[in-house]
Amino acid sequence: MDSVRKRRKSKGKAKEFNFDDSFDEKQKTQEDNGFGPLAVSLFLVSLALLAYLTQYLHYCLPEPLPPNDENSRFSEHRAFPLLQELSDFGPKPAGSFACEELTRNRILKELQLIQNSTSSNELLYEISTQNPSGCFALPAHDTDGFSICYRNVSNVIARIGKRGTRKSLEDQPKISVLLNCHYDSWPTSSAGADDLSSCAVMLELLRIFVDHPEYLHHDVIFLFNGAEESSLLAAHGFITEHRWRHSIRAFINLEASGSGGRELLFQAGPSNEWLLNSYLEAAVHPHCSVLGQEIFQSGAYPGDTDYRIFRDYGRIPGLDLAFVQNGYWWHTEFDEASRITPGALQRAGENVLSTLKHLLASPYLTSPAEFADEKAVFFDFLGLFVIVYPLNLANSLNLFLIFIIFARVSMKFANKKTKDLDNLLNGFVWNSLFLIFIFIVSFIICFLVEAIFGQMLWYSNHFLVIPFYGLPLAIASLLFAAYLTTRYNKTREQFAESFETISDLGLAVVLLFLTYKNIASSYLIFFQLLPVLGFIPENLIKNGRPLSRVIFAIPSICLSFYTSALLLSIFIPIMGRTSRNPEPLVLAFVAFGVLPAMRILFSISLRSQPSALSRIASISAAILAAALLLIGLFASGPYNFKNDYPTTKRIQLYHVNRELYGRDGQLIENKSLLYAISEDDRGAEDIPFVDAEKGFTPIECVYPEAPYCEIPFYYPTRGRIREKHIRYKSVPAFQIAGNEVSNLEILKKSASGAHLSYRIRFTGTSQISAYVTAVDGWSITNCSMTSELSDANTNMFLYFTCSGEKCGDWIVDFELTSSSFKRKPPPADVDAKALLIGVTSHFLHGPNMESPLLKELNRELVEQRETSKEWAMTASAWNVHLIYRYV
């Protein structure tokens, strides 16, 4: 060990590496090694340029292209007109005329036109339609778990393959790749992006493949499904019932939770690294992140895709790609084809075309089990290239870096030099105080921003996160560094090294925890610790430590800026439909983006002249104060309506005819209510027409046992919507044409020992949500809709959807067991009222969808938002009929 610490004994001898970060070097004065204001300012300007570069690359798209003479190139020019035509059919929820007739038949017609356009004898081409029915359960994700039954949903499918020696597509070899999109929509959306854009991409790909059978080493199945928005139904019907399902070896799911921009590969697998590699090796414009996969699968992102169905029910590996930019318009009236960013279809089409060609030629597709398989770390660097490596290798690299950091700290302790130990102790104390200081500053920033400007002022203007969060954090860090350089002025080089060492140690502990948890996104922390490797050249260069740290930190700074820009561009629009306070989350994204830069800035600052830091901090504070003053003078709320780029508040309006019955079966309430629900954390009272003077009040639950509080939930999202988000008032009832009112009928009820059995008929519209609650110590132990029940299940959310005239008629069996007795329970009483059931019929399309009251509110909303920012809103509105009964 002594040889490691040897000093250069003569001028002619080469200087040896000092693995130990020696603190014994000669102290230097402030004038010798202090960084002046110019150096710090240049670093800050460089950071600004890097931030601009990452933003530019994040939004960069290719030019839309026409088809070439060989018809081998994807063409947005050719794909877009049909997309516009489909979008113009208007809202198309599953079961509606626009979905089942207009959109479905137009896609079917296009498939037939493409089929008729080819005369190749080498091509096999078949079109299939399907109307499956079934039941399944969705586990808790961004909603509570619930059970689903569906009937007569629609699928349109095309399959192509090379003829070879086959007479039909049913002949061997039967290997295929599935491409999937959906053409149904949210009830109030035209689905221009979500998901007709993907269907337009698939139709253009089909045009190319029918002209080039040589690409078809295996078959390709194009699934256009008509029921995704109503809980992934059509994909389930295809993968569990269609005759072509057994040949599928892999799939590519095309989705949209935004409108254009760069599509993101955010899920891949499960496992099957060869499938991911097909995208990484072939995609012309790769954009992917294992961080996105882990965030999405954690349930933090509010949404789900058909990927889950193919993975869980088909046991098939796949890729999940989605447009994620401009999420303001997702599931709103603004999701129109005309708003999709030019170049977005071109980019997605080129990526899927190249990936699919690569995949069809891959030997892995034929025998995937013969190849090694493991989870991978993958991400693109500024959209320029992709980095991918096995998770096992990532964990090894993490542990190697952690070992270096721990070894360096251990060797300092092994020296047993008072100066070394004192410096490390000082580093630990001041790191801890700095973290506490930044935490307090962050809390104060969040509080002041919300108190002065209100929540979500950055919603329409993302750049506001810089003066709100980025600059205050930077100024706070500079002031803290200025204090430390004043306190340790004569020994600031030694103090800076000890501070950095302890800071690295803290991040190493975080990295160790993430590695232990097998979290692939730990690569982000790994890159932030890369500057630790600067100890190698630092002894070769004068003042080498800060210089080497800056050089080794450049990839981390770029990656963090880029990842932060991605997260903010995706999640800021989502903040308009999440019920939690978004300010801390946005602050966290900004802090993550600037963390590597702040670490290097702090490293430079600790070696700088205190007066220089104070001047820079003062200038920055003055700039910040001026910016905040201008924002305060001219900002007018988070939401904005401009026809070319609306960033509006999301609300839900339900006109509910409600019937509630008591335990004796007598009607205790029969009234009509208007529910106004705010999807953001600003609450329902942020809606201009919702106030106490106009009769709106907080909700009051009638049944204490009912977890959904008689609220007409479409999905089980009680955890996302709290009392502050809902107001209601009494209004005149709407008239229902036809006989689609909610009802439940006990067809059979029997007792056996301590068990009760029910057979219940649920009737209503084509979309029914039912809330089943076991009361008085009973538990639901069996249900004919699902086998996934716990032993002590007291609540169930049932979801029924169908297509066709008067199709809303469902029969479900339940078994209950008394759970109120620890010992053997007494025999069940057949007359016991063991269930409280709510049945909600949602009128999602047709003449009963909107009452005159809802139409008038929507008309006023559209008119007022043109001139008033308070009315910058978009509403999902429909009628509901709800009943609650004890049975």
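Glycine residues also receive a Cβ, built from the backbone N, Cα and C atoms like all the rest.
Here TrEMBL flags 35-53 (among others) as transmembrane segment.
TrEMBL lists 155-354 with the feature domain 'Peptidase M28'. Each residue in the domain 'Peptidase M28' (155-354) has a pLDDT score, and their mean in this model is 92.
Feature annotation from TrEMBL assigns transmembrane segment to 381-407 (among others).
What TrEMBL records for 424-612 is domain 'Endoplasmic reticulum metallopeptidase 1/1-A TM'.
The feature transmembrane segment is assigned by TrEMBL to 428-453 (among others).
Tertiary proximity for the transmembrane segment (465-484) is limited to same-chain residues at least six positions away from its ends with a CB under 8 Å from its CB atoms, namely 430, 434, 437-438, 441-442, 445, 449, 453, 457-458, 492, 495, 499, 568, 586-587, 589-591, 593-594, 598, 601-602, 605-606, 608, 610, 613-614, 616-617, 620-621, 623-624, 627-628, 631. Among the features that TrEMBL reports, transmembrane segment is placed at 465-484 (among others).
What TrEMBL lists as transmembrane segment is 505-530 (among others).
Under the heading transmembrane segment, TrEMBL lists 550-572 (among others). Residues 43, 47, 50-51, 53-55, 57-58, 258, 261, 264, 289, 291, 324-325, 327, 379, 381-383, 458-459, 462, 465, 524, 527-528, 530-534, 585-586, 589-590, 592-597, 599-600, 603-604 of the same chain lie 6 or more positions beyond the ends of the transmembrane segment (550-572) yet place their CB under 8 Å from a CB of it.
Summarising the annotation, TrEMBL assigns transmembrane segment to 584-604 (among others).
Here the transmembrane segment (616-635) has long-range neighbours at 37, 40-41, 44, 452-453, 457, 464, 467, 471-472, 474-475, 478-479, 482, meaning same-chain residues at least 6 beyond its ends whose C-beta is under 8 angstroms from one of its own. According to TrEMBL, the feature transmembrane segment maps to 616-635 (among others).
Under the heading domain 'Endoplasmic reticulum metallopeptidase 1-like C-terminal', TrEMBL lists 646-858.
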### Task
Among 428-453, 505-530, 584-604, point out the range having the most Cβ pairs under 8 angstroms from the transmembrane segment (381-407).
505-530
